Every structure is written in C-alpha cells, then in structure tokens.
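For reference, the structure is listed below as structure tokens.
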Amino acid sequence: MTSRVVLISVLLLLWCHCRHVLGSGDSGTGIVPSPDRSADGADLLSMGTMVDTHSAMLRQGNTDECDIVMNLSAADRCAFVKATPDCSMEDSFINYLKMAFCLLPPNLTPLTITLCIIWLLILFIVLGLTASKFFCPNLSAISSSLRLTHNVAGVTFLALGNGAPDVFSATVAFSRPHTAGLAIGALFGAGIFVTTVVAGSVSLVKPFTVASRPFLRDVIFYMAAVFWTFIILYRGTISLGETLGYLGLYVVYVVTVIVSAYIYSHQKHSATRSSTQSSTHAPADTHVPELQTSESDQAPLLSNGSIQEGYDSEYRPLLPYCESTSSILLNSLNPVDSRTWRRKTWRWRTVKILKMPLELLLLLTVPVVDPDKEDRNWRRPLNCLHLVTAPLVCVLTFSSGEYGLYLIEGQFPVWALTLLFGLFLSAIVFLTTSNDQPPAYHLVFSLLGFVVSAMWISAAASEVVSILHMLGVVLSLSNNLLGLTLLAWGNSIGDCFSDITIARQGYPRMALSACFGGIIFNMLIGVGIGCLIQMFNNEPVVTLEPEGLLTWVLAGSLGLSLVFSFILVPLRCFHLGRAYGIFLLLFYAVFLLVALLTEFGFIHT
C-alpha cells in the first residue's frame with residue numbers, strides 16, 4: 001500500500017511538472033523561426049542561438065550543458081542533443097535524450113516520459129531480483145567457503161549484498177561528472193529515509209530497547225561519514241587521498257566491529273565461567289543479560305537451510321528416482337514452485353507472472369551455489385549452459401557492450417570468441433561430471449555467479465542513472481531531487497519492507513542494525529569507488545559542484561536526524577517506542593516538504 005501511494009504521488013508530480021515545463025518551454029523560451037525564413041537561414045540562426053546559449057552557460061559556470069536543451073525551440077533540440085557531448089550517454093545502452101528529442105515528435109514527450117518511468121520500475125525490479133536471489137546467495141556461499149565469522153561477513157559480504165543497488169547506482173553516478181548530483185541525492189536521501197521512515201516503522205511495529213554500544217558505534221561512524229562528505233561538498237573538490245580516506249574509514253569501521261565482537265565474546269565467556277563456578281550465589285549472572293543485549297545484533301547472517309531441508313524432506317520420493325538431464329534443465333528453469341503457488345494469493349500470483357520473464361533471463365545467465373542444500377544447488381545441464389551464457393553477459397554488459405562488439409583484426413568479434421570458449425568449457429564440464437554429484441570445483445560457479453550478477457546490477461544501475469538524468473533534463477528537475485526521491489525510494493523500498501517484516505517476526509534489533517550498517521557501507525564505498533573511477537578516467541582531482549540550496553537542505557536534514565538519534569535515544573534509555581516512531585515519520589514528511597519547496601523555488605536564499 002505504501003509503495004503504491006508513493007508511486008502515484010511521484011507520477012502525478014512528474015506529470016504536472018512535465019505539462020508546465022513543456023508548455024512554457026515550447027511557447028516562449030526558445031527561438032521560433034519565422035515562416036518566411038529559408039532553411040539555411042533557420043539553421044544559421046539556430047546554431048547562433050546554441051552558441052549564445054553555450055556561452056551564457058559557460059559564463060555562469062554550469063558544466064552540464066545538456067540542461068539548457070529545454071530553453072531551445074522544439075525544432076532545435078535534436079541538433080543540440082546530437083552536438084553536445086554531455087548528452088551522449090555513452091555509459092548506457094540507450095540514449096534516452098535522443099529518443100525523447102529526435103526519434104519521437106515533441107507532442108509525444110509526455111508519452112515518452114511515461115514509458116521511461118515504466119522502464120525505470122522494471123529496472124528497479126531487476127535490481128531487486130538480482131540482488132536478493134542471485135547476488136546475495138553467491139556472496140553467502142563465498143563467505144561460508146572462506147569460513148568468515150558472522151561479524152566479518154555481515155559488515156563486508158552481507159552489506160555488499162544488501163546494498164548492491166545503492167552502491168552500484170552511486171558508483172555509476174559518481175563516475176560521471178554530470179550525474180554526481182544523483183549520487184549525492186540518493187545517498188543522502190536514502191540515509192534520511194532509512195534513519196527516519198525505516199527506523200520509525202520498526203519502532204511502530206515492534207517497540208524495543210536498542211543495543212546501546214552497536215547503536216552508538218554505527219551512529220558515530222555514520223555522522224563522521226556525513227560530516228566528511230559535507231566538508232568535501234563545501235570545498236567542491238576531492239583528491240585521491242580523501243577518496244582513499246573513504247575506503248580507509250570503512251576499514252576502520254570493520255576493524256571496530258571485529259574488535260568489539262571479540263571483546264564482547266571474551267566478556268561473555270568470562271561471565272559464564274564465573275557463574276558456573278559459583279553454585280550457591282550467582283552475582284555475575286546479573287551481568288550476563290546486559291552483555292547478551294549489547295552485541296547480539298552484529299549484522300547476522302540469516303540461513304533457512306535447515307528449515308528448507310526439513311520442509312523438502314516431506315516431498316522426497318520413497319524409492320530412488322533418476323531424473324533425466326532434460327527434465328533437470330526444465331525444472332531448473334521453472335521460476336515457480338507449485339507448492340508455493342497454491343498457498344499464495346492472486347495478487348502475489350499476478351506479480352509473479354509479471355516478473356517471470358526477468359527471472360527466467362536471470363536463471364539462464366547466473367549460476368547460484370547454495371551451501372545449505374545437500375547438492376549445493378548443482379544442476380548439471382543448467383550449470384553447463386551458464387558457462388556459455390555467463391561470459392556472454394559479461395562481455396556484452398561491460399561498458400555497454402563496447403568491448404564485446406570489438407572486432408579482432410577488424411574481422412572476428414570478441415563476443416563470438418567468448419561464445420566459442422564458453423562452448424568448449426561447457427562440453428568439458430558436461431562430459432566430466434554427473435547429474436547427482438557436484439564437482440570439486442563447484443565453488444567456482446559461485447564466483448562466476450557473483451561476477452555475472454554484479455554485471456547485471458551494474459548495467460541496470462547505469463540505465464537507471466541515465467533515465468533519471470533524462471527526466472531531470474526534460475522536466476527541469478535537479479539531480480538532487482531525483483536522487484532523493486525516485487532513486488532513493490526505488491533502492492530503499494525493498495529494504496524497508498524486509499526490515500519491517502524482520503521486526504514483526506520479533507527481531508527489531510536486527511532490522512535496526514541492518515538500517516545503519518547498510519547506509520554506512522553505501523556512502524563510504526559508493527563515494528570512494530565512484531570517485532576513484534572518475535579519477536582514473538579524467539583528472540586526479542574530482543570537482544563536485546553542489547546543485548544549489550537543495551544540497552545543503554539534504555546534508556543538514558541528514559545531519560539533524562543523526563543528531564536527534566544520538567541525543568534522544570540515550571535520553572530515552574535506548575528504548576524506541578511508538579511515540580519516537582511517529583516523531584521520525586513526521587521528521588521525514590517535513591524534510592520532504594522543505595525539499596520540494598526548495599526545488600520549485602518557494603524557499604531560496
């Protein structure tokens with residue numbers, strides 16, 4: 001219900017603003033050629049208008065020249081988009097600006113925007129499906145094979161799995177100079193959304209007492225990351241050392257989590273030994289509950305393998321049954337479980353049918369290793385097919401297929417060579433393995449699944465950033481607003497519902513730990529990796545220009561929400577009740593209202 005309300009509100013806002021901008025942009029802001037003017041004269045005047053507009057924008061210091069396309073007449077926009085480097089969108093498969101201004105007539109621009117919003121929702125579904133059903137399970141298999149503790153895996157692999165859409169979106173946005181505002185808006189907007197809406201919803205659903213030391217630790221580290229980003233935005237530049245400092249701060253955070261977990265475990269064992277030694281009096285026992293509630297929610301890894309194994313054992317055949325290779329392939333490609341299908345409602349079935357083509361595509365290209373299953377999810381025919389499809393996905397999605405379409409010696413394409421190599425590996429694996437027993441090198445498929453799912457997420461994130469950039473240009477909306485609304489909501493709605501579900505099941509501390517741990521990872525890794533990529537492609541110093549007052553509204557609101565959490569939660573003895581949850585939701589509503597009024601000029605300096 002909440003997601004539908006948010007979606008309807010966003011569509012109405014964009015539609016009304018689209019009509020306002022298109023109506024004003026086509027009527028008087030551009031140069032409309034007179035009917036008696038020749039074609040050559042129109043072109044000369046059009047190019048002169050573009051040159052004058054370019055000069056004016058350069059004098060104002062705006063580096064994203066593509067934003068001024070709506071100031072031109074409808075007839076001049078296509079030529080401007082083709083001639084302006086900022087409108088090229090080389091990192092995406094589709095140039096949405098050319099599609100909006102060149103392929104379709106101006107009177108169909110509202111239809112183009114509507115189709116792009118639908119495509120944007122599909123991409124968000126792709127991000128969610130890939131992260132939850134393919135990226136996270138493979139990361140869990142890798143962490144299990146490396147025998148990592150829950151604390152280390154929780155702040156590294158599990159954080160990467162939960163925040164994959166946010167991290168990849170921020171990395172892609174920061175790696176492009178003209179879309180850095182999207183990353184700033186998304187990271188700050190998602191931070192405010194998680195620390196207010198998600199935390200407030202968890203408090204409303206299940207009032208609880210938060211673990212004091214982990215909570216203070218996460219809030220302090222997140223405040224440090226936000227303050228560091230605020231200083232960099234104020235200065236407008238970020239150097240290589242400061243970029244590496246983002247990654248170093250996360251390393252310090254990981255080390256702090258590990259050390260605090262070790263200290264907690266040592267204190268817990270000491271208290272347990274002292275309690276067992278005292279047979280009649282147990283004063284040390286009074287300290288044990290306090291210890292158990294302080295570090296118990298260190299981003300744990302959830303595993304339902306034993307439950308699923310017991311559930312599936314009921315449906316195992318009594319007699320041994322040898323399944324054919326073709327039936328194994330067909331059953332592996334079936335995204336619907338018949339037992340689950342019968343238990344679900346018609347709404348769930350409708351959504352499942354809509355997602356089925358996407359799930360089938362992902363099943364065909366991404367291998368998944370499940371260490372909780374007896375056969376570790378080994379599907380011989382499908383895994384052999386993955387050796388063909390997975391490398392093709394990698395070469396065709398990396399840099400929008402630029403390297404996959406490259407011709408070796410000007411004749412043989414790279415994708416064909418990758419196809420032949422995949423067929424060769426697939427034949428070897430098929431001839432040397434069996435359907436019943438996974439091979440000794442089955443872990444390699446989890447690494448392959450991790451890489452391919454990461455490529456899918458990166459490609460979808462690139463398209464999301466490009467669509468939002470196009471919507472910002474067409475609707476004359478800032479990247480910060482699109483980042484804090486569409487991009488932040490799209491990447492955080494799934495986490496919001498999952499955290500609320502975890503809280504309803506009786507684990508509110510786990511939900512709150514996931515809230516803060518994930519956004520720390522997203523900001524530090526997203527900014528750090530994105531700026532490193534931009535430095536590698538351009539100059540050693542990255543310029544970050546705040547997009548007006550809205551950037552400072554974002555930073556100030558996020559800092560204020562963290563200060564409230566840092567002060568009010570200890571004053572309430574670390575108890576989060578319904579009153580505090582309502583306060584957080586009201587805080588987000590006020591922030592969103594102020595952000596919209598700032599964007600549309602009602603609040604200005």
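The chain as shown is numbered from 1 upward.
The backbone N, Cα and C atoms fix where each Cβ goes, and this holds for glycine too.
These numbers come from a predicted model, not from an experiment.
According to TrEMBL, the protein has these features:
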SIGNAL    1-23  signal peptide
TRANSMEM  108-131  transmembrane segment
DOMAIN    118-258  domain 'Sodium/calcium exchanger membrane region'
TRANSMEM  152-174  transmembrane segment
TRANSMEM  180-199  transmembrane segment
TRANSMEM  219-238  transmembrane segment
TRANSMEM  244-264  transmembrane segment
TRANSMEM  382-400  transmembrane segment
TRANSMEM  412-431  transmembrane segment
TRANSMEM  443-461  transmembrane segment
DOMAIN    446-596  domain 'Sodium/calcium exchanger membrane region'
TRANSMEM  467-489  transmembrane segment
TRANSMEM  510-537  transmembrane segment
TRANSMEM  549-569  transmembrane segment
TRANSMEM  581-603  transmembrane segment
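Using a Cβ-Cβ cut-off under 8 Å and counting only residues 6 or more beyond its ends in the same chain, the transmembrane segment (382-400) has close neighbours at 90-93, 328-329, 332-333, 363-367, 414-415, 418-419, 421-423, 425-426, 429-430, 445, 448-449, 451-452, 455-456, 458-459, 462.
In this chain, the transmembrane segment (467-489) lies apart from the transmembrane segment (219-238): fewer than three C-beta pairs between them fall below 8 angstroms, excluding pairs fewer than 6 positions apart.
The helix, strand and coil residue counts that DSSP assigns across the domain 'Sodium/calcium exchanger membrane region' (118-258) are 123 helix, 4 strand, 14 coil.
With a cut-off of 8 Å between Cβ atoms, the residues of this chain six or more beyond the transmembrane segment (443-461) that come close are 93, 123, 126-127, 130-131, 134-135, 137-139, 141-142, 145, 164-165, 168-169, 171-172, 362, 365-369, 383, 386-387, 390, 393-394, 397-398, 400.
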